[in-house]
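A.B. asks: OK, TrEMBL features for this one:
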ACT_SITE  38  active site, O-isoaspartyl threonine intermediate
BINDING   88, 119, 120  substrate binding site
DOMAIN    29-219  domain 'L-asparaginase N-terminal'
DOMAIN    243-362  domain 'Asparaginase/glutaminase C-terminal'
């Protein structure tokens, strides 16, 4: 029998639920946290028939219409619907922090967690929680749907059932992941790629951790080893970050103005540039390079990302990339934009890292968010790592 413990400060805690008590069947227990999204929506006559979240609809549907949950192979499920239910485009760091705290508060009492939300910012939320939940030893699976639960052809049922199954497996994948359509992908490798098809998410630079069909097939070599240590939750995300997608003819004066104004006001600590191909920018525009050099001299972290869906930033391949390196620009390697932005926000939010230390960590895989290959060699250990300041603090 699991003893009750005093939870950390959180808005939500279920003290009455204990692991594997009761009927002796030792069913796994899964906590479903529902924030809203298409899955919970139905036509609202008061809003001209447009889709709006319906409070309580998910719980009612699961009780009355999901007979699969009565199967002895399925886990016991507890559902918590947040009030109010949100469109995911309205979610941000405060909501991510609340999810992380609620998972922490209920961590000892459930075998796994499923987060239901809208798809628009699901990749950002899953990525953020990947960093916020350090030493995670249980599955946290995000899912949702492209079609509302109230529709007869909804994809919500299958996504929810499979998320529950993955959350309660005897050999769990103890990472933050997204299950959608027929794939389980690492949260910090995910990105939304389709607004009108059921395969809404992709993991462009990493194969799925598992796929489902007649059976579940895992890519075991990609799954992270079990975490060491006690779960730690980090809820501070520093959002003093700007992302800019470069287009031909971009006026450098605008960028210089943003950099100077942001540095002077303290509202800009990091700048992510989505560049061409492997991290290229105009080589004849010396003012652009000088602008980035000024940003680094002002203490701003400048990171180069690629506009390409698949592939990596490799600034050393072309002369333009080398010029960026000399200006102090850091590569995002093959991270998604979601991972790049959330990792920067997480590291800046730690509060105990310098700009150079954050730059070092951008090239290090902390939660499986970045790949090291022969073409993308691992960086040398930073001076911070050699001093032991970071050792054991961030890595599995």
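The backbone N, Cα and C atoms fix where each Cβ goes, and this holds for glycine too.
All TrEMBL annotations are machine predictions without curation.
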A.B. asks: Quick check for the class: what is the C-alpha distance, in angstrom and rounded, between residue 119 (substrate binding site) and the residue listed as 'active site, O-isoaspartyl threonine intermediate'?
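C.D. replies: Here the two Cα atoms are 8 Å apart.
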A.B. asks: Please give the substrate site's span as the largest CA-CA distance among 88, 119, 120, to the nearest whole angstrom.
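C.D. replies: Output for substrate binders 88, 119, 120: max Cα distance 7 Å.
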A.B. asks: Measuring Cα to Cα, tell me the gap between the residue listed as 'active site, O-isoaspartyl threonine intermediate' and residue 88 (substrate binding site) in whole angstrom.
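C.D. replies: Cα-Cα, rounded: 9 Å.
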A.B. asks: I need the neighbours of the substrate site defined by 88, 119, 120. Which other residues of that chain put their C-beta within 8 angstroms of the C-beta centroid, in sequence order?
C.D. replies: 37, 38, 87, 89, 117, 118, 121, 122, 144, 192
A.B. asks: Can you tell me how many other Cβ atoms are located within 10 Å of the Cβ belonging to residue 120 (substrate binding site)?
C.D. replies: 19
A.B. asks: Same-chain residues six or more away whose CB lies under 8 A from the CB of residue 88 (substrate binding site)?
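C.D. replies: Once residues fewer than 6 apart are set aside, residue 88 (substrate binding site) is near 35, 36, 37, 117, 118, 119, 120, 121, 122, 125, 144.
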